[in-house]
Structure formats: structure tokens, C-alpha cells
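Have a look at the structure below before the remarks.
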Amino acid sequence: MKIVEPIDAYESIKRSMTAVLRWTTAGAGMVIFVGGVLLLLRHRAAPAAFHSFIGEPDALRFVPQIAMGAFHGHALAIVQLGILLLIATPMLRVVCVGIGYAIERDWLYVAVAGIVLAVLGFSLLSHKH
Amino acid sequence: MTQLEFAALAWGGSLAAGFLGSLSGLGGGVVIVPMLVLGLHVDVHYAIGASLISVIGTSAGAQAAHRQEGFSNTRLGLFLEIATTLGAICGAFLSASTPTKWIAILFGGVLLYSASSSMGSRKQDTTGRAPDALAAKLRLVGSYPHEGKLLPYSARRVPLGFGLMFGAGTLSGLLGIGSGAVKVLVLDGAMQIPFKVSTATSNFMIGVTAVASAGVYLRRGYINPAVAMPVTIGVLLGSLLGARVLQTARVRPMRIVFAIVIALLGAEMIFNGLTGKLS
């Protein structure tokens, strides 16, 4: 019977985490690119007016509305969905690091990762203005 | 200007910024805002939002491209991320109430500092001392290879470093930059972490810090997908290309050229801020 060394398990988890992060990043880039191509195909001749700040509409500001818009094929919402995926990548990274520390039984740093995630969650999901 | 023309110009400028930023080690984020604001007349809040997203993209891309973390100290980075993320949220909230004029002047100051810090050379010998009590308790120690030997190091002045990192995060959230130069200054200068470990750890922290303020920017409607799209794709491609070339090119002349560009942009931001052209 083969005894699995804990260090091997840790290494293999680390490797699969790197792969997950790589695919998330590549996926986010692809979604932004596809949305961008659609946007320029449909609105290439529209005037670009970004010199005064109006504020994006709700459809491009909150996660459920963005997902809904992207599902319906709106180009701007697809780009915004890609941006959301990109924002999720570093969060996923903190989760992975936290899991790594849990495997090492370093509870102090599992807690540190938890605090960082809580701050990021507050930033993305709180509804105060 | 049409959408297509805007996207092409923003994409080209961001590609160059990402390329030079990666070659010089200064990051592309620092020139995105001046390029959009001064060159393409984009509102400063949209520019900051797009720049933040490109910072997250570059950081994620760099980490996906490199197989290993290099010399970065994950515990140190994660611990200090508590300070940078809180600071970043604070900076993002401040950004809304700070007049454009002051953002431009502060931005100019940061650009001038980045340019001057990239020119100096680093001296350091902080290894081999007995660890700091608090740093030892938090396990903020490590070792790194230097001339064939593993040299141990320990973080110092942890509360000071933590406080200064809050400031670095605030700057990042307020201006939409990675503020890598400031993070390295805190790690290397205040906490006396070896330079190579400082730069690698700072790279690790940049993405997470930017996410904390990006959330606030998104909910406030500062992230315009039509602006962020060409910028993010351009910076990402440019920095990956830069990382490729870095292995063969001579870095020193590139650094000088980019430092001069950054200093000029800094002077122009301050000038425009003072004369009220950006408000």
C-alpha cells in the first residue's frame, strides 16, 4: 500500500490552484475581448463622449443586473461581466492561499485570509453609498 | 471621436504603457490615468476606474504567466493586505468627494516620486539579525537565495509598516494605481525586507488591493466598460510582451526613458491641476 505524503498532497493542490487561477484570468480576458468586439461591431460610429462623468446606469453597476444583461447579449454588460471575472481572480487567490494554510494547520493565517476576504466582500457587496 | 477611434487610440496607448511599465518595473498603471485624462480627455473618475481594472488584469496576468512566486513572502503579503484593502476602500470613498484639481496635483506628485525612485540604486544589508518579537510571533520571517546561500531575514517595525500600508492602499484607491513603488518603499525602507523579496511581495499585494477599491468604483458607476475594455486588453498584452522582451533587452536605457516620460506627465498633471484645466 502506498502512503501518501502530506507534502505531495499540498504540492498537487497548489498546482491545481495555479491552473484554476490561470483559467479564470484567461476566461476573463476572453469575455472582455468578445464583449469589446461586439461593442465595436454594433456601435463603432457612435460618438465617444467620456469627458464628463454621468455615472453608469444600474444595469452596469450591480452583479445580478450585469449577469442578466450579459445573458441577453448586451455588449457593454458582457464586457462588465468579464471585468467582474477579473475582479474575482485575486479573491479566488486569497481563498486558495487560505486553503493552503488550512492544510498546513496555520490557523492564524487562515484567520488573516478570512479578514482580507471579508473586507473585499464588504467592498463588492455592501449596498451603502 | 467615434467609439472605434477612441478604442483604437486607448488600446495603442495602453499597449505602450503596459510594455514600458513591465520593462522598467514601474508598472503600466501609473501612466494610464494621465494618458486618458490629458490625451483623450476622459473624465478623471472614468480614467481611474479603467486604470484600476487594468492593474488587476496585469497583476493576475503576471501571476498566471510565472510558474513560481519568486521570492515573495505570502504571509507578509497577506497580513499587510488587511491594511491595504481597508486603505483602498477608504481611498475609493475619498475619491468621490475630492475635487479633480487636487486629485491631479496629488497624482502629479506620485508620478514625480515614481520617476525619481526608479533612478536610484538600492543598497541593503538587513539580513542575519535577531528577529523582531512581534514579527516572530506573526511569523513574518523567511529566507531568500543570495549568491548561492540562503539568507534569513525578519520583518521589523511591524506596526509602522502596517500603518504605512494603509496609506499605500488609500493612495491606490484614490488614484487608481497599483502603488507598487510606495509598497516597495514601505517593505524595503520601513520594514527592512530585502529588496528582491519586497518587489515580489508587492506584486502579490497589488491585485488584491485594487480589487478592494474596484468594488466601490463599480457600485458608484465609475467603471465604464467602453473605456475599461481597450485599456485592460492593451495593458495586459503590453505587459506580457514586456515580460518576454525583458529576458533579452537591456533594461537601464528603458528605465531612463520611461522615468523621463513619467516625470513629464507628472509635471503636466500638476500644471493642469493648478491652472484648473481639469475641473
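Every residue gets a Cβ built from N, Cα and C, even glycine.
Sequence annotations record features per position, and here TrEMBL assigns transmembrane segment to B:12-38, B:44-64, B:76-96, B:102-120, B:158-177, B:197-218, B:225-243, B:255-274.
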Considering the transmembrane segment (B:158-177), which listed stretch of B:12-38, B:44-64, B:102-120, B:197-218, B:225-243 counts the most C-beta pairs under 8 Å: B:197-218
The transmembrane segment (B:44-64) versus listed stretches B:102-120, B:197-218, B:225-243, B:255-274: most Cβ pairs under 8 Å: B:225-243
Stretch-level contact, the transmembrane segment (B:102-120) and the transmembrane segment (B:255-274), CB cutoff 8 A, at least 3 pairs: yes
